[in-house]
Structure formats: C-alpha cells, structure tokens
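The block underneath contains the structure these notes are about, expressed in structure tokens.
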Amino acid sequence: MVFALARAATTRASHWSIKSFHSSSTNLHGVKRVGVLGAGQMGLGIALVAANVSKLPVLLLDTNESQLSKGLKFMDSLLKKDIAKGRLTEEQAEETRSRVKTTQNLADFSDVDFAIEAVSENPALKAKIFNDLAQATPKNAILATNTSSISITKIAAAAKGREEQVIGMHFMNPVPVMKLVEIIPGLATSDEVLKTTKDLAVAMGKTCTVSQDVPGFVANRLLMPYINEAIIAFETGIATKEDIDTTMKLGTNMPMGPLTLADFIGLDTCLAIMKVLHEQLGDTKYRPSVMLIKMVDAGWLGKKSGRGFYKY
C-alpha cells in the first residue's frame, strides 16, 4: 500500500483525479466481473478504476456498512469533481457509478471471476480471507492480493486447492492517479493466471512490472528502508524534518520528502512493512526506527489521523 514517488504525488495526493480514457487494447483478459474486498482507500480506488477505465462491473465488499457508505460517498465526490473539470460527462460518471455494487456477504462473490483483496497488511487476516475466497468463488476465478510486502506463496497456501490461481497485484496509492501495478506470482501461480492479471492491469490503464515473490517485492524493498533511514536521521538529530524533506526534494529531485511521504502512506503501514522486511530477511538494516514505533503507539499515523511528522 505504497504512496508511490511520482510527479502526481505532491499535486494530487489529497484530491484524486479520475481520468476517463479507453484502453487501446481489446478485452484480452476475459474477465467479466471483478470483486474487490475492502472499501478503504485502496479498495475503493481499485473498484473505481476497474469500473471507470476497464468498464467492468464491480462488486465491492466490506463487512463494515458505514465504511461502504463512506467509500461510495467519496467515489461520488471524485466523479463530481471530474465532471466539474470536464474530465467526465455526467453520463459517463453515471455509467461508472452504476457498474459498482456493494455487499457485506462473501457468498455474493459466487459469480466473480477475478477477486482483488485490499485489506490491511495483516497476514492472519489475509490467510482467513483467502481460505474463504477459495470456497466462495467459482473454481476458475483468479484470487489476487494487493499486499505490498507479504509473501504471495504464503497467502496462496491458505487458499487450499486454489494455489495456482493466487497472485499479487500491488496497486500504488492513490490508485486512480498512479500508473504502476506491481505483479507478483507466487511459487505455484500458473502462467495463464499471470497473463490474465497483466492483461487486466493494462485494461485498467496501468503499466505492469513483475517481481519475484520476496519480502517487499521491488517497490517497498527500496522505498521503505529509504523512509526508515530518513526517520532515523530525524530521530538522531542529523537535521530537522523540514531540512530532511527539502534536501531530498531539491537535492535529489524527489517530488515529496520522505517524512511527508511517510505521513501520506500512513506510519502504521510503514511500520507493518518494515516489520515484514526485518522478520523475513533477518538483516538489522531493516529494523524499524524506534521513533516510528513510538509514533504508531501514540496514534500519530500521519495525514489520516491528523498528525504524524506534520500536523494536518
């Protein structure tokens, strides 16, 4: 769940933009209905892009009714903003909105042929979800996870009898803006599932990269230690938070400083990923900063909580 370093990050992080464009490719993926588990920021973004860009019907699931309501209201606000800016017509926005249905019951995934899980980075929770997905979805359905650091092979092991159909599909945050999807096949993932997943990502307007199933994959294996080291630099008094961010922005042409970026990602998410890297790789260079741990304990999670390294 990485807030990727890209040109759009500083200008559009706080108000997503939905670009209405048609994929130049035909429907090579063969997917007829997408199911998304989790109506948080990532799940909503994935559902929106699937409905708006690839023009597929989407079933959005969350066990929390208020989260579903909140997500749909946010989707409506994004569509209205793009209508006002001339990026979408009212008819296009209505068509997109009509493609998204909601449910609180996993049994409704019985006719979903591509499921994308987008819940928090909790291995036990993901294992439970994939065990249930393996039973609730059709036998030919692909089961994708949006995990940003957890082993795809380990997640697949929970989907008994369906291991070949489990794959990592790591979208970048915010999904409607960021162009990349990191694809991660597990040990048992079939070539056919890999191809279908890549084709669907392209139909959603994304560029794909493929990573081996190793902790952090490519994006977070590089990004999170960078952020963690910036926190350590602040913690040990090397420079102020403002000077650390300014140095990286103006000195290395990063669009956003590492501490600001951490706030936008969510410090709890940063900590969860660093813990995965540290525990699974065993190298002390991946040990989470003491300050990062303290801030999460204090509930200072960044922008979403109103306070992190900066106040919002």
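Yeah, the Cβs are placed from backbone N, Cα and C, and that goes for glycine too.
The Cβ of G40 (NAD(+) binding site) lies under 8 Å from the Cβ of D62, Q67, G71, A118, V119, S120, each of these being in the same chain and 6 or more residues away along the sequence. Look at TrEMBL and you will find G38, A39, G40, Q41, M42, G43, D62, E121, K126, S148, N173, K304 tagged as NAD(+) binding site.
Summarising the annotation, TrEMBL assigns domain '3-hydroxyacyl-CoA dehydrogenase NAD binding' to 34-213.
The annotation domain '3-hydroxyacyl-CoA dehydrogenase C-terminal' is assigned in TrEMBL to 216-312.
The site 'Important for catalytic activity' annotation in TrEMBL covers H170.
The average pLDDT computed over the domain '3-hydroxyacyl-CoA dehydrogenase NAD binding' (34-213) stands at 96. Proximity of K126 (NAD(+) binding site) to non-local residues of its own chain (separation of 6 or more, Cβ distance below 8 Å) is seen for E117, V119, T145, T147, I150, I155, A158, given in sequence order. The maximal spread of the NAD(+) binding site, taken as the longest Cα to Cα distance among G38, A39, G40, Q41, M42, G43, D62, E121, K126, S148, N173, K304, is 23 Å. When other Cβ atoms within 10 Å of the Cβ of D62 (NAD(+) binding site) are tallied across all protein chains shown, the result is 23.
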